[in-house]
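Taken verbatim from TrEMBL:
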- 233-252: transmembrane segment (TRANSMEM)
- 305-324: transmembrane segment (TRANSMEM)
- 541-704: domain 'SSD' (DOMAIN)
- 542-563: transmembrane segment (TRANSMEM)
- 575-599: transmembrane segment (TRANSMEM)
- 605-630: transmembrane segment (TRANSMEM)
- 679-704: transmembrane segment (TRANSMEM)
- 753-771: transmembrane segment (TRANSMEM)
- 994-1018: transmembrane segment (TRANSMEM)
- 1025-1047: transmembrane segment (TRANSMEM)
- 1053-1074: transmembrane segment (TRANSMEM)
- 1095-1117: transmembrane segment (TRANSMEM)
- 1129-1152: transmembrane segment (TRANSMEM)
- 1169-1190: region 'Disordered' (REGION)
Amino acid sequence: MKGFCNPKKKLYCAVDTEPVPITDQLFKRDLIKLCGKEYDQFACCDKEQLKYFSSQMERARLIVGDCPACFENFKNVWCSATCSASQSDFMKVNEIDKRDNSVLKLTYAVTEAYADGLFDSCKQITLGMSNKKAYEFITGNTPVRNGKDFLDILGRSVDEKGNSPYHISFVVQDDDVNVNDTILKPLNNKMHTCFDEEYKCNCVDCLGSCGPPDPWPINKSPCLIAEMRCSTLFLIISQSIFLIIIFIAFLISKRIEKWKENVEVESIESEPFIFGTQKLKSGKLNDLSHRLFYRLGLTMARHPYKVLSITLFIVCLSALSFLWNEFQVETDPVKLWVSPNSESLRQKEYFDNTFGPFYRIEQLIFTTSGGDSIVQRNVIDEVFKIEMDIMKLKAEHQNSTVKINDLCFEAIPGRCMVQTVTDVWKDYDTFKKSSDWKSDFNKCTETPVNCLYGDRAPLMPEVVLGGKIGNQFDQASAFITTILLNNYVNKTRLAPAEIWESNLRKYLVEKKVELAEKGINLSFSTESSLEIELNKNNSANLVAIILSYLIMFVYVQIALGRFSTWKRVFIDSRGLLAFGGIMIVGFSILISFSFFNAIRLKTTMIIAEVIPFLVLAIGVDNIFILVHMFDRTSQNLSIEERIARALGRSGPSILLTALTETAAFSIGGFISMPSVSSFSLYAAVAIFVDFILQITCFVSLLTIDAKRHLDNRIDCFTCVSLPKSSYNFKSSILHRYMKNIHSRFLSKTRVRYSILVLFTTTFFASLYGLFNIQIGLDQKVALPSDSYLVEYFRNVENHLMIGPPLYFVVRGLNITDQQGQYIISSKFWKDANFYSLNAIIETNRQVSDTMIATPVSNWLDDYFVWLSNPDGCCVDEESEFCMEPEFRFMNESLKGEKFLSYLSQFLNQVPDESCPSAGRAAYSSSIVPDYNKTTIVASNFRTYFNVLKTQNDFIQAMKSANAMTEIIKRHNKVNDEPIDIYPYSIFFIFFEQYLTVVQTALTVLLIVTSIIFVFSFLLLQSLSLAILITLMIISILVHLGAIMSAWDISLNAVSIVNMVIAAGISVEFCSHIARAYLVTIGSKIERMQQALSDFGSSVLSGITLTKLFGVIVLLLAPSKIFQIFYFRMYISIVLLGFLHGLVYLPVLLSFFGPNYVLVTKHVPFSEVDDEPEDEDAINTSDPIIGSDEQ
């Protein structure tokens, strides 16, 4: 081939002649400069061809010129095809246009090494602002696996939507090729590798040119022994040791029992391990608490109405705080979930204040009902119409009309930034008139640069299309329209946007129904949607919460009564007392809320929903204990004396649990997670106030109710009295069950050892389950089940092809000087920096699971491309190009004022077909220059994550970004100090807590259990009991963790709050039983039985059944978050508390309980307490409360 036969279409002439020697020295010079010294004798091209060919290579330089090896190889292909004197050896013209003898088709034979060498040298080159590989601009989105695929695309003619003037059939094979009886010898010129010493490419464009990657710290291989995790093996060994110890102890026990039978040693029948004499022990603290509670009870019983009046006055006074301080609920997600000291929060604030907050996102996702390809003309037509309606949508704000043009982000002046598939066509009319819309679609998605209109950014198929489609974009399952609105640090400026978004939601809800009838599904989200829907969720759950509390109230009212006969049912009922007890719980919550409202600590929906549950659980338990203790005192005593003795007996136990829980929750207030700390503080105050009101106000109510009962007055209608009738006292069914069945069953040797084996086994199995707890809080779980956002988030997971943007923010690095440019620029230094920002990211991205999907958009590299663009993007005052193309491989940098002068031009120039590298659209908000100080204050470098579907994906993505940043810092220093760089993405502030959530949970629970141990030891004066109670709390928490793992309950702020609640409520299950054991005389088994008899029924009927009935109702809540984090966790907490407090702890007490009895001296009553005589009368052996038999 030689010369042009069709200059308009740039078609060469088919010429079958011998090569002509080169005589034109200027032509020879230009040819050698372009194609090499081997072209110094003969050539099969002329001046016009060389001029056109040279201009085409300059355009190719913009795409692949960053890598010298690739560019040289690329030129070799086309120099050989255009000017080689031996064309006929490897090329054959197959078809010509007979009208002008121009070439239409030809065959080009090359070896596999040649083809693969070309592709391998080019495949890693990246183009900055596009976040794409350079070869994709040549091949479009057609999959390319090897050199053959690459050449096939290069050979496509213009008519085939390619770039070649004529069709080229590349034959890739090592053997000779027979084309219509013409034998071709495949071209096998030397192909340079991208790490070739002479034509070496920079690290960012050639992995082989990079230094060794740093060890990637994420996802390290776990410790394994024989393909088993070391932790699992350790747990198996530990469990086996414990079970062997228990088994040996059981055998020894059986031997001792047999020996006892033989020698008839009666004295040690129930104590196989204890052979000493039981000791009595007293303590000053114990004596003091009994005296104080006895006297307090006597005082409250003698002046009940005064106490109630003072209580009501205090409650009313506290309520006044709501008059001068408006009650506020915190709904800002940042203030709810992000610590004020969060590093991510500080980084976000810097990003927002420096570059502006990340856009307000309005996103629409279109799918088909049948799941077919969304690429259909009628669907695109609907998308166009909806987008046009949105552009016309208006809202009213402060007597002015707000339109999208007043709100949207404009990367290019005059046009809102909308990422949409409709950008394939210039406008709706163009689409309607197109006779081959599918070809338009394929052309633009395969080669987006072909659709670069002057007033918009390039189309990004991976952003506007969705589905698992690879590069088959016409098989996309979703269209995704994303509208970017301006965002502001000053929240008051957001009101117009929020009002407009409200109208947008109303419009889209209507269109959703309309489109569904046409077989098109529309899901959507606006910037304010999530917060609004979360608040709706709270309202939707209100019915279930109220119903739960109502059921608990009804149960308490019924369970507190002690009914003797049907005739006395209205007298024996304690509905008014139950109502008063519930009101006391309400008063304590009110006082807690008013206190924190007065000091301006906002409440949260977690507090409003959970605090009543917690305080009611603790309060009801104490109510049952006080009432039951009163019922078990002698009927022969005065009511005031019975009240005093009941409080004297139960008060120390209630004090133990109240102080322990208050201290534990108070410490939780120092946790950095706002939702956890504020909840803990509210809970601590509410629990302590509830304790004070119960030992004062409720005791007074109990006195009034007891006098009503004695006078035979009707419950709730105390003015009405019935005739006197006999009152035949009987203990409750639950009390008889605990005394006669439950405690006796647990006393059997085989049962006790079986329980030890069972709980030991489940404990170690639960420890293994802790490793499988998921972390995070799925947004879909927090929403109402019928929220439109549930479908939206599901579509995001199923259809999006790329994840959220990631920015690397560089601060304080002077990029106007050579050192700063050397650190940032990845391509424009002959002495390449293997550890430049892009080089490190790209190296690790290629060899590690960094979760980064695309190369980094490096504004400095694109700025240098713009400076040296041969089409003259950058023009100086004399209308000359700013830099020559050779500037692309520089040894000295552009510095100081000149750097900033051209940078200003770069940032203000709008990209178009003649200058696509202009920076206005991509970088105008990414760079903050200081022209006075001649420096760059800060700039950011954008890339994208992979699609992030699960909470773990988001967490791992953040870890990867942090790890990448640390590597960059390690290798790039100025004055021996690492450069100031950090990663930023919009979700980081919410997921930073999950990087340390395990440590936070362990810290909180360790502090809580430590406090429980300390207070248990101080108030019980028994080290062994404090240890046993603490072990119970730990066991409950471990079992709860295993349930979380098995029941899909993730670890987050909500579940940490619930685990703190679990620790607090567990004290109620365990401490009363433990203290009752401590003050009871007898063998260990007898003391265990008596403790269950005295307090077991109160714990069972109080906290256990009350909460069980209340929790079951939460299953009816419409939101998943209530079903998962409240129903599942609360019912687990109640059942675990019951099993540990009333089963496991009594068994451990029968083995390891202290051998001494804690007695009280100097109390105003004797050592034995008698209940009324009946067939079920309780014969307690408590040495603390006496009877009237003195």
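Numbering starts at 1 and runs along the chain as displayed.
Including glycine, each Cβ sits where the backbone N, Cα and C put it.
Quick caveat, the model's predicted, so the values are computed rather than measured.
Within the same chain, the transmembrane segment (994-1018) packs against the transmembrane segment (1053-1074): three or more Cβ pairs sit under 8 Å, each pair at least 6 residues apart. Proximity of the transmembrane segment (305-324) to the transmembrane segment (1095-1117) is not established, fewer than 3 Cβ-Cβ distances being under 8 Å for residue pairs spaced 6 or more apart. Touching of the transmembrane segment (1095-1117) and the transmembrane segment (679-704) is ruled out by the presence of fewer than three CB pairs under 8 A, sequence neighbours closer than 6 excluded. Sequence-distant contacts of the transmembrane segment (753-771) (same chain, at least 6 residues past either end, Cβ-Cβ under 8 Å): 231-232, 235-236, 238-239, 242-243, 246, 249-250, 253, 746, 1035, 1038-1039, 1041-1042, 1045-1046, 1143-1144, 1147, 1151. Between the transmembrane segment (1053-1074) and the transmembrane segment (605-630), three or more CB pairs separated by 6 or more residues in sequence fall under 8 Å, so the two stretches touch.
Below 8 angstroms of C-beta separation, residues 759, 762-763, 765-770, 772-774, 1005, 1008-1009, 1012-1014, 1016-1017, 1055, 1059, 1062-1063, 1066-1067, 1069-1071, 1074-1075, 1077-1078, 1124, 1128-1129, 1132-1133, 1136-1137, 1140-1141, 1144-1145, 1148-1149, 1152-1154 of the same chain, each at least six residues beyond the ends of the transmembrane segment (1025-1047), sit close to that stretch. Residues 311, 314-315, 318-322, 325, 327-328, 553, 556-557, 560-561, 611-612, 615-616, 619-620, 623, 627, 678, 681-683, 685-687, 689-690, 693-694, 697-698, 701-702, 705, 715-716, 718 of the same chain sit 6 or more residues outside the transmembrane segment (575-599) yet have a Cβ under 8 Å from a Cβ within it. Across the domain 'SSD' (541-704), mean pLDDT in this model comes to 85.
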